Amino acid sequence: MLGLNYTSVSEFILIGFSTFPQHLLPVFFLLFLLMYLFTLLGNLLIMATVWSERSLHTPMYLFLCALSISEILYTFAIIPRMLADLLSTDRSISFMACASQMFFSFMLGFTHSFLLTVMGYDRYVAICHPLRYNVLMSPRGCACLVAWSWAGGLLIGLLVTSAIFHLTFCGLNKVHHFFCHVPPLVKLACGNRVPGVALGVGLVCSMVLLSCFLLILLSYAFIVAAILRIPSAEGRHKAFSTCASHLTVVIVHYSFASVIYVKLTGLHSQQGNILIAITYTILTPFLSPIIFSLRNKELKNAMKKTFLSKLYLSSI
């Protein structure tokens with residue numbers, strides 16, 4: 001390969017949906033647009049509720065607001081471009097725009113995982129060490145945890161993007177995906193470093209995600225042990241209800257994320273890979289605000305009090 005002449009790539013062409021029937025693309029556009037708008041609305045509603053309701057000015061809801069911000073930015077980095085490509089014949093993206101999209105998708109995706117881990121720690125302290133909660137989860141401590149989550153996401157985004165885009169891209173520039181993702185871009189790279197970089201990126205991402213998941217599992221192991229020691233059934237139910245929404249989002253998030261690394265029979269085609277990618281880029285952010293709004297009783301009541309009452313008063 002080193003003895004051949006290649007033309008350097010200045011842009012890529014995203015052809016993720018090119019294998020789907022053309023008459024389905026407007027249907028996909030409408031469906032994904034509605035899901036995207038609902039995701040934005042749901043997260044903005046959560047943030048507005050927490051901001052306006054003083055009883056929700058607690059660490060748990062501070063982390064929830066940070067999670068909503070990361071989801072809004074994550075979907076903004078991917079979905080608008082995808083929606084435009086669904087209705088456009090020109091699906092080219094510049095080299096720098098592709099690198100930027102990869103950076104923000106990885107940074108915000110891992111920030112999301114770090115924040116879920118921090119939220120698990122918050123629930124662990126609240127249930128297992130309630131008397132020390134105000135000390136361990138002080139405003140400054142919470143701000144530091146959020147800052148470190150964003151810093152960790154920033155570091156992962158920089159590492160992955162710099163590793164991939166320091167490879168030599170030559171020859172074909174058609175990316176078999178709807179956004180600039182690592183596996184399809186690695187297939188377009190040439191040189192002896194490609195296998196090592198691909199393996200290194202995969203190991204770093206897998207180890208970080210697995211570490212976050214194991215820390216969450218450890219937190220819930222202590223939480224379950226503490227809940228089982230509560231004598232009354234009502235007390236156990238009340239304690240677990242504060243964790244239900246977070247635990248559900250964690251299960252959804254890591255279930256869909258794990259699908260990426262599991263080679264399921266019949267999903268090796270390009271269409272199968274695209275459908276898998278849709279689950280963690282569109283479906284997971286779409287479900288998250290629904291789960292938090294419906295499974296968190298305190299947040300649901302605050303939404304009713306804050307917004308439904310205003311709608312009722314305005315209609316009188």
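Cβ coordinates come from backbone N, Cα and C, glycine included.
Whatever TrEMBL says is automated annotation, not expert-curated.
Per TrEMBL, transmembrane segment is recorded for 27-48 (among others).
Look at TrEMBL and you will find 42-292 tagged as domain 'G-protein coupled receptors family 1 profile'.
Among the features that TrEMBL reports, transmembrane segment is placed at 60-79 (among others). Nonlocal intrachain contacts for the transmembrane segment (60-79), taken as residues 6+ away from its ends with a CB within less than 8 angstroms of a stretch CB, comprise 32, 36, 39-40, 43-44, 46-47, 50-51, 101, 104-105, 108-109, 111-112, 115-116, 118-119, 122-123, 126, 142, 145-146, 149-150, 153, 179, 242, 281-282, 285, 288-289, 292, 299.
As annotated by TrEMBL, transmembrane segment applies to 99-121 (among others).
Here TrEMBL flags 142-165 (among others) as transmembrane segment. Tertiary proximity for the transmembrane segment (142-165) is limited to same-chain residues at least six positions away from its ends with a CB under 8 Å from its CB atoms, namely 59, 62-63, 66, 70, 95, 99, 102-104, 106-112, 114-115, 117-118, 121, 182, 185-186, 189, 197, 200-201, 204-205, 208.
Within its own chain, the transmembrane segment (201-228) has Cβ neighbours under 8 Å at 106, 110, 113-114, 116-117, 120-121, 123-124, 127-128, 156, 159-160, 163-164, 182, 236, 239-240, 243, 247, 250, 254, 257, 261, counting only residues six or more beyond its boundaries. According to TrEMBL, the feature transmembrane segment maps to 201-228 (among others).
As annotated by TrEMBL, transmembrane segment applies to 240-262 (among others).
Residues annotated as transmembrane segment in TrEMBL: 274-294 (among others). Residues 16-17, 20, 32, 35-36, 38-39, 42-43, 45-46, 64, 67-68, 71, 74-75, 78-79, 177-179, 181, 245, 248-249, 252-253, 256-257, 259-260, 267, 300, 303 of the same chain lie 6 or more positions beyond the ends of the transmembrane segment (274-294) yet place their CB under 8 Å from a CB of it.
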Averaged pLDDT score, the domain 'G-protein coupled receptors family 1 profile' (42-292): 88
